[in-house]
Amino acid sequence: MKNKSVNQRRKTAQFQLTSRFSLILFGLLILFNLLFILLSVGYLFEHIENRASNILEAIEKGEASGDTWDTLVNAYVSADEEDALQVILADGSVVSSEDAEEIFADINQGRVMPFLEDIVFTEDGIYYTKTQEVDGDQVTIAINGEDSVELAYGLFMISSFLNLIAVVIGSLLIYWSVGKWSQKLTGMAQEIAAIEQSRQGELSVSEEPIEIRSVALAFNKLLKEQRETIEREKRFVADASHELRTPLAAIRGHVQLIQRRGTKHPEVIPSSMAFIDKESKRLETLSNQLLDLEKNQSQEEMTLVNVSQIVREECEKQATIVPQSIEYFVENQCMKRGHKRDFQQIIQNLLENAAKYSPVDQPIHVTLTQEQRQLSLTVADFGIGIPDDKKALIFERFYRVEDSRSSQIAGSGIGLSLVKQLADKYHAKITVIDNQPQGSIFKLAFPNERER
């Protein structure tokens, strides 16, 4: 359990952000330390080089004043610092400072860095060597850099210790600061858990940080859409159950009637069979429309379709089915990206709706035009019309206008709902206005791709 708790803590945003920021801080401090070391070494090297140059310059002045080498060699080096000076005279004799022979012997056996040829590493320390000719004599000086190295090392250790303290304190401050920030995420998670249990409410939206505000707004939008979808599906299931139950009950009633009276009264069989056939067709139509509603939820790839051709074909097909005449005006080559089946369903359901509510001796008018790549589809009838207060309701699933004329007309109440769903899919605006002298006009305006 303890290991599980530790693993869970390591997965928290507070722990992960603290780890990353601490690593960044640690990396920056290491980088600064390296820069500090390089600058310090460069400064110390320059300091030792200047010391050697100053000594050689002083030797030149002393030589010019007539001082002998025996006097000069020990005057310009410090025995305490283990520096050494060696002079090879023109006649080949050698004059050295105290301990110079031993120091130069160590230097000759020491290691030289490829990129720092003047620096020699010996068993007794680090030396900077420089050779210069003074009035025909060869002067070589060796400056001991051990004290400078120890100084640089001491500064490095102090800096490292201070950096370690900075990392520890910085990590604690980062952990505390991130913890304060992550409390908002923790609070959001708790709110989500409460919403999940209560099935109501929404996330509180803070003004900052902007990222958390955006997440909260997106979550609330998604939550609202989900609830609307659930309510819509509940209503759909309830309405579908009601609509399916009615014809099924009627069919079952006539089956029972045939079973009870069919033998003694065979005259009831034809009428009952006709009724069963009618209601079964209604069930078939209703089932197909329900399936169409679900199919339109899929996200298949759209292609460029010829809407003009589709409208003409559907008008000609429906003209052989419905009793009314269908008059249509269709502009050529009206193209739209989408699914051919969608446009077929739109025009088919609009024509079927117009035919249901129109007198058989009145035509149905269909118009398809295109202006600036915006399609406009119009279906007009001379039927019973739709009251103004019902026009917004006719696109709801299973809704049918309840009046003495429309209630006698067979229908499932899904056709216009399917049209509205497809219109929304293509961001089309659908409007219903009164026709003159009577009837209704359904108009769909499909925007071009840039307007969507």
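Here the Cβ of each residue, glycine as well, is placed from N, Cα and C on the backbone.
Heads up, TrEMBL stuff is auto-annotated, nobody curated it.
Residues 116, 119, 128, 145, 148-149, 151-152, 155-156, 159-160, 163, 166-167, 170-171, 174, 178 of the same chain lie 6+ residues outside the transmembrane segment (21-45) yet bring a C-beta within less than 8 angstroms of a C-beta in it. The transmembrane segment annotation in TrEMBL covers 21-45 (among others).
Among the features that TrEMBL reports, transmembrane segment is placed at 153-178 (among others). Distant neighbours of the transmembrane segment (153-178): 13-14, 17-18, 21-22, 25-26, 29-30, 32-33, 36-37, 40; these residues of the same chain sit at least 6 beyond its ends, with a Cβ under 8 Å from one of its Cβ atoms.
Under the heading domain 'Histidine kinase', TrEMBL lists 239-450.
Among the features that TrEMBL reports, coiled coil is placed at 276-303.
In the predicted model, the coiled coil (276-303) has a mean pLDDT of 69.
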